[in-house]
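Everything below concerns the one structure shown next.
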Amino acid sequence: MENATVYAEDDDVKENVVEDSTVGNEDKTRTGIWGQIAGTAGCLRYLVASGWSVARREMVLSVSGLISALITTLYPFAIAGLVGGLARHDETLIIFSLAGLAVYSILPSFLSAMGVHYRLRVADKIGHHFDREIADYLSRPRTLSVFYDSKVADALGLLIARKGTLGQSFNILGNVAPLFISQVVLLVLAVLTDWRLIFVAIAGLGETLFQTKVMAWQAEADDASAPYVRQIQQLVSAGLDPQMSADLRTLNSQSDLHEILRKRVHNWRAPIHVRDNKQAAVSIGSSVVYYAVAAAVLISMGVDTVHGHVSIEQLTAACALVPKLTNSLAMVLASVTALGSSVHAVDRYLWLASHIETMQANEANNNDESANNNDESANNNDESANKNEEPVTLPDGVASQQDTVVDGYSAGDGAPIAVCPHQSLFKELRYGIDVDHLTITYPGHDSPAVSDLSFRIPAGHVLAVVGENGAGKSTLSLCLLGLLDYDGHIVVDGKELSGIGNWHSRVSAVFQDFLRPRMIAAEALTLGGVDGHDGVFGSAEVAAQALSRAGVEDVLEALPDGLSTPLGLEDGGKQLSGGQWQKIALARGCTRPHPLLLVLDEPTSALDPESEKRLFSAYERIAKDNARYGGITVIVSHRLPSTLLADEVLVLDHGKLVEFGSPEALLRADGYYAELRRLQAAGYRDGDGEAESAGEPEKIGDQ
């Protein structure tokens, strides 16, 4: 892979650069001018190393821009030679001077255009390289913790707001380097022309000396405005989203959104205005000093020329050098300011890379003990798998460890589990999932989302998770899927979940906030594919099987070209309703056959009663099929009729487990679950008896 090649060549550079990072990495920030210079140099070094890795030929050819800049330094002396030759009637000097002017007129334009062309090509490749790497870094952590980190969100907000800046950093560097080198050459030649020009050079360097401060102001403004950039993006996205726009118009809240947006924009621009004012003060003051010194030096040289102490060539060269120095300095300063913004973006990227690598290292360290503890269990399971050619029997269930458990509950029903013929080590569940004192706290939060949960889900069972909004239902399901960090233990067939390397490839889910990919229907249905099988993405056969498995084949009636229909009006396709999108999501969750864990998070929230009834039948069929291979189905729902599919019901309230048991046992206990059932049943009766629409599906264990 290209990414691997790039990092094989510049990993050492990145490691050293991150140590020099001066903005994003709070733990390693250096202070003062030298710290800022070291950080800037490190970022530029990594930028050049990245360009060399992805576009060596283009980088070599882009050096033509530097040659062009060096040729332009000949102009003042060609003019001086021409004036001197004309004054002394020196034909040789006139010819050489004219030749120099001809070279100056032709070559720089050609070489500069060539340099710009190849710099832009390098910038484009570097931009794609950084985009790929950012996506790669975000996909590396096993869990979703990185997405709940506010510092990561701010860094991403800056990188997104300056989309293209990382790639254009090399183009800006390509502008700055030739100008800087030509400026140094001009300064040397100016001093050699007349010693007094050193004062002009010093005056011209005044603003340059402030550039480290200007870059620090740029970084401070970026840091102060970054949180508001993210908030503005969210507000703008809300205003552009058709569904959210409908809510805004219905509630007549556009003006409120505009006011909030105005305040966020003001807060975003405030530190930028402060930075711009400081930069303007430095620029104006430096320019006044420069022009005053330049005028004094030229007047002094003019007087000496009249008295014969300075030649006409020297005065001519000085007159040509002063505006040249002024123009070059102005361009250098503008480019350096832009480079400061780019360097800060590179620094943010390097901080993001370092931060995620640290997260990965912490994950690896935390998982080492779990993985080592799992080794012996894995070997034992391997021996069992090789010997076991007959269906195994579920162990007897274990009652919940909570005081609220009702009596008479048994977690297992003794149903046989078939060993899936095409699956190997740890690709079928034999015993189930044990959760022990599970606590989940999101990054940046002090209080846990769920706290001290302990329960067991036997293999082949269906667990319904119920509770009010904010009870922690979705958080628990994400954790069981291996997508959140946790304290406590989640043990799958005797193995700690955090130490199972292939868990993500053996689970499936349908989330409440599901993906709505704008692509061909067959592609939208097979996104992610089936683990271990090639050619699944976009397969009409696999898509049709998923629709059938989910029991939502009727969605095909809304697709004019069947599975070849583009989804979404953007590509001239079909605009689906919320319920139709949910059916697509349900089918996509059923693409992977026989998952060890299938999570259905509010799976019928956008469906009509008739569709919901059909889906319950499909769930019953899917759960029974999964149960043959020990697969566990977790249904997260507000709609309590869905719990009738379940072997066990887990009731959460404010992140705490308040009840756990079979639906029948919980109803007999007449506790929290029974009260929810009564309240919802009363609500259905008040709604013309639609409670019957979902049907009364049989419990899987009773089949």
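Numbering starts at 1 and runs along the chain as displayed.
Each Cβ is built from the backbone N, Cα and C atoms, and glycine gets one as well.
Check TrEMBL against the ranges 33-54, 275-296 and you find transmembrane segment recorded for 33-54. Nonlocal intrachain contacts for the transmembrane segment (93-116), taken as residues 6+ away from its ends with a CB within less than 8 angstroms of a stretch CB, comprise 61-69, 71-72, 74-75, 77-79, 81-82, 84-86, 174, 178. Across all of the domain 'ABC transporter' (433-679), the predicted model scores a mean pLDDT of 84.
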